[in-house]
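S.K.: Grabbed the feature section from TrEMBL, which reads as follows:
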- CYS6, ASP8, HIS66, CYS69: Zn(2+) binding site (BINDING)
Amino acid sequence: FLIFACSDSRVSPTNILNLRPGEAFMARNIANLVPEFNKPKHAGVGAIIEYAIKHLNVEVIVVIGHSRCGGIERLLSLPDDETSYDFIDDWVSIGEPAKAKVIAEHPEASGDELHTLVEK
């Protein structure tokens with residue numbers, strides 16, 4: 001297995017899937033984001049995917065999301081919130097295209113509904 005999950009400790013793939021050591025290769029980060037292919041700036045996730053597929057011969061990929069994600073909340077606050085989180089803002093901005101798509105498809109959505117739609 002290759003598993004993508006949020007860094008949030010409430011989302012533990014090992015516990016959720018009852019995994020033993022060595023049964024899965026994992027990528028965990030704030031907001032559970034996978035950068036667009038061919039973006040060397042955020043090559044860490046791409047390296048995980050490449051290693052899992054080419055070296056470990058992984059055939060099954062599992063994505064584990066969760067509700068009320070703080071990373072998605074930060075993404076939704078940009079650019080209005082002037083609090084500076086240089087590293088976090090740079091990372092969650094990877095999700096800007098998804099955020100824009102959701103807003104375009106659901107212009108009436110706001111608050112919790114918008115948060116849930118962007119998480120998906």
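Glycine too: its Cβ is placed from the backbone N, Cα and C atoms.
Values in this document were obtained by computation on a predicted structure and should not be read as measured data.
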S.K.: Measure the Cβ-based neighbour count of CYS6 (Zn(2+) binding site), defined as the other Cβ atoms within 10 Å of its Cβ.
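M.R.: A 10 Å sphere around the Cβ of CYS6 (Zn(2+) binding site) contains 22 other Cβ atoms.
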S.K.: Using the recorded Zn(2+) site (CYS6, ASP8, HIS66, CYS69) as reference, state which further residues of the same chain have their Cβ within 8 Å of the centre of those residues' Cβ atoms, listed in sequence order.
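M.R.: After dropping the recorded site residues, what remains is ALA5, SER7, ARG10, VAL11, ALA31, ASN32, GLY65, SER67, ARG68, GLY70, GLY71.
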S.K.: Which chain-mates of ASP8 (Zn(2+) binding site) that are at least 6 residues away have a CB under 8 A from its CB, listed by sequence?
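M.R.: For ASP8 (Zn(2+) binding site), the qualifying residues are HIS66, CYS69, GLY70.
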